[in-house]
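As written in TrEMBL, here are the features:
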SIGNAL    1-26  signal peptide
BINDING   Glu79, Arg80, Val126, Val241, Trp484, His485, Gly513, Pro524, Gln525  FAD binding site
DOMAIN    283-297  domain 'Glucose-methanol-choline oxidoreductase N-terminal'
DISULFID  Cys425-Cys476  disulfide bond
Amino acid sequence: MTTLIWSALQGLLFLAFFSSIPVARSGPQEQGPSYLKFVFNATEFPHVDYYDYIIVGGGTAGCPLAATLSSSHRVLLLERGGPIQEFPSLLTQEGFIAALMNVDMYDSPAQAFTSEEGVPNARGRVLGGSSAINAGFYSRADADFFRNSGMAWNLEVVNKSYEWVEKEIVFQPMLKSWQSVVRDALLEAGVSPYNGFTLDHVMGTKIGGSTFNSFGRRHSAADLLNYANPVNLHVAIYASVERILVVGIGLTQFAIGVIYRDSVGQYHHAMVKKNGEVILSAGAIGSPQLLLLSGIGPRPYLSYWGIPVVRHLPYVGQYLYDNPRNGISLVPPIPLEQSLIQVVGITDSGSYIEAASNVIPFASPSPNIFYLSPLAPVYLTVATIMEKITGPLSSGSLRLASTDVRVNPIVRFNYFNNPIDLERCVNGTRKIGDALRSSSMDGLRYLEWFGVKEFRFVGAAMPDDLSNTQEVEEFCRRTVSTIWHYHGGCLMGKVVDRNFRVKGVKSLRVVDGSTFNVSPGTNPQATLMMLGRYMGLNIMEEREKYKH
Ligand SMILES: Cc1cc2nc3c(=O)[nH]c(=O)nc-3n(C[C@H](O)[C@H](O)[C@H](O)COP(=O)(O)OP(=O)(O)OC[C@H]3O[C@@H](n4cnc5c(N)ncnc54)[C@H](O)[C@@H]3O)c2cc1C
Ligand SMILES: *[C@@H]1O[C@H](CO)[C@@H](O)[C@H](O)[C@H]1NC(C)=O
Ligand SMILES: *[C@@H]1O[C@H](CO)[C@@H](O)[C@H](O)[C@H]1NC(C)=O
Ligand SMILES: *[C@@H]1O[C@H](CO)[C@@H](O)[C@H](O)[C@H]1NC(C)=O
């Protein structure tokens with residue numbers, strides 16, 4: 001029983017309650033966002049209709065992309081899930097764990113999947129995508145990301161696009177006890193300098209942004225739909241896209257539309273108008289899956305499934321990455337507030353350190369609470385400190401489990417296959433060790449026999465000897481879990497070109513985390529939302545040029 005609780009904890013660390021100072025304007029959201037005026041159940045859409053842009057996936061990148069393109073074009077945004085307002089647990093920080101634990105196979109807003117390594121994971125299935133189920137930490141990408149991502153970024157437009165996002169949905173959090181302790185401990189551990197509150201990626205320790213506002217209310221990419229031109233944007237929810245329609249042969253293949261199914265099982269055709277496009281923003285699992293189901297992928301593999309080959313593209317579903325997460329959780333002797341990630345330590349040795357504190361119901365007797373009925377739930381605060389490695393370099397792949405788009409593909413990430421990833425984890429774990437040894441952490445130790453002060457870990461304890469590389473490596477492998485920053489599957493340079501166009505198929509792009517070969521910055525959502533805005537501007541500019 002306790003093992004079960006602790007292992008659940010290892011997977012679901014963050015539950016929080018904190019206050020924040022707005023960067024964004026706060027307020028009218030509480031009445032219900034204005035974008036709901038143009039969001040409709042897919043059943044209400046015509047069987048055939050025509051649009052300039054058809055965007056598949058109303059997620060972290062898809063929403064800002066749709067809002068931007070709607071300024072001068074007729075846009076259809078297709079999302080398989082429902083609106084966030086239908087799932088109360090998503091609206092508050094306290095609902096974070098409840099939402100992740102509610103894992104109905106076809107309907108819950110968090111769709112669970114487990115990699116072949118046995119690591120439990122989750123993907124968003126709701127308007128707003130994974131930004132509507134995530135932990136809300138917001139931090140821009142590192143400079144290396146823009147240098148090495150294979151695209152010629154215009155950094156001025158990148159900055160303007162980040163600002164466009166931040167004005168609407170990013171807030172400055174106020175630190176309480178655990179986050180403050182971690183900040184101080186990181187500084188003592190040499191993760192310096194202290195950079196205060198900043199959205200920028202800078203070496204040292206900082207406070208980042210949050211998409212939860214000062215009332216603890218969630219904002220997500222869906223709120224960026226408030227920027228849309230309501231006359232031009234059509235958002236269909238409970239619209240599951242099953243296939244991309246491609247015509248032509250050889251060098252002149254075009255995407256001409258998509259087929260989607262509504263909640264009562266009816267099929268709809270959405271077709272692109274002249275010079276229009278289909279854009280996949282279905283995420284690192286959804287976009288490669290949909291390409292494969294549409295016959296765009298490795299020929300022998302598609303043939304094995306009996307899927308007619310539309311375009312042989314060998315790397316669809318390959319180069320799928322997930323950044324391993326490792327760390328420890330402890331029960332403090334003094335009460336701590338709940339908190340989501342607010343502080344991050346950006347080291348120069350291959351890892352980022354983050355923390356959360358979480359109150360969990362605990363229904364089992366322990367030596368310290370023997371006077372309570374074994375059945376009475378006892379609430380314990382569990383404080384977690386963890387590291388995410390940069391990159392990663394190890395990659396895996398995605399395979400279909402079914403030709404039903406609702407069924408999760410089978411994924412494998414090959415955590416730590418590359419020895420550099422393992423070294424990064426060893427470095428990060430040692431940093432956590434340094435932070436735990438700092439005087440800032442003293443108050444979290446229990447006074448044991450003979451004046452010895454010790455932490456009480458829940459789940460895995462720190463390795464005994466952090467100088468023993470083999471022992472720390474073993475810890476990394478044994479306790480690996482995910483921070484949900486998986487990416488890749490439609491890699492830039494392999495599946496899409498530097499303009500995010502699918503190689504060999506005209507009027508078809510992929511704009512989401514599936515195109516990334518590394519996780520941007522400490523946490524990806526900032527950069528995915530920026531990407532949606534950036535590519536929207538880019539596509540419109542390109543189209544203007546083409547016209548003259
Ligand atoms: C539990 C959790 C916590 C996280 N915490 C943080 C954090 O604190 N900070 C941070 O920066 N990042 C965090 N992340 C990561 C971040 O949220 C994701 O990397 C990011 O949201 C992915 O964006 P995306 O646009 O690539 O995909 P998504 O946002 O997942 O969007 C894909 C969308 O496509 C839809 N879709 C898929 N297939 C179809 C189809 N066939 N038809 C129609 N629609 C379809 C999906 O329903 C979804 O809405 C977290 C992620 C999770 C899961
Ligand atoms: C969508 O509309 C159909 C038809 O009106 C209805 O049966 C269905 O329940 C609706 N779906 C949702 C999830 O609202
Ligand atoms: C973009 O913003 C970053 C971080 O705020 C800044 O360092 C950089 O100079 C800016 N670049 C441009 C081109 O404006
Ligand atoms: C691990 O840390 C050491 C010491 O700081 C450093 O020299 C090494 O480059 C780091 N390894 C990686 C993969 O970053």
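Note: Cβ is positioned from N, Cα and C throughout, glycine not excepted.
TrEMBL: automatically predicted annotations, no manual curation.
Taking the features listed in TrEMBL, we show where each one sits on the structure.
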residue: Glu79; record: FAD binding site; Cβ contacts under 8 Å, 6 or more apart: Gly57, Gly58, Gly59, Gly62, Val126, Leu127, Gly129, Val235, Ala236, Ile237, Tyr238, Ala239
residue: Cys425; record: disulfide bond; Cβ contacts under 8 Å, 6 or more apart: Pro324, Asn326, Ser351, Glu387, Ile389, Phe416, Val472, Glu473, Cys476
residue: Trp484; record: FAD binding site; Cβ contacts under 8 Å, 6 or more apart: Asn121, Ala122, Ser130, Asn134
residue: Gly513; record: FAD binding site; Cβ contacts under 8 Å, 6 or more apart: Thr60, Ala61, Gly283, Ala284, Tyr486, His487, Gly488, Pro524, Leu528
residue: Gln525; record: FAD binding site; Cβ contacts under 8 Å, 6 or more apart: Thr60, Ser130, Ser131, Asn134, Phe137, Tyr138, Thr211, Ala221
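Across the residues annotated as binding FAD (Glu79, Arg80, Val126, Val241, Trp484, His485, Gly513, Pro524, Gln525), the two Cα atoms farthest apart lie 25 Å from each other. Over the domain 'Glucose-methanol-choline oxidoreductase N-terminal' (283-297), the average per-residue pLDDT in this prediction is 98. For the recorded positions given as Val126, Cys476, the lowest number of other CB atoms within 10 Å of the residue's CB is seen at Cys476. Under 6 Å, Cβ to nearest atom of ligand 1: this is the test, and of the recorded positions Glu79, Cys425, Cys476 it is passed by Glu79. Taking DSSP states H, G and I as helix and E and B as strand, the domain 'Glucose-methanol-choline oxidoreductase N-terminal' (283-297) has 11 helix, 2 strand, 2 coil. According to its DSSP assignment, Val126 (FAD binding site) is in a strand.
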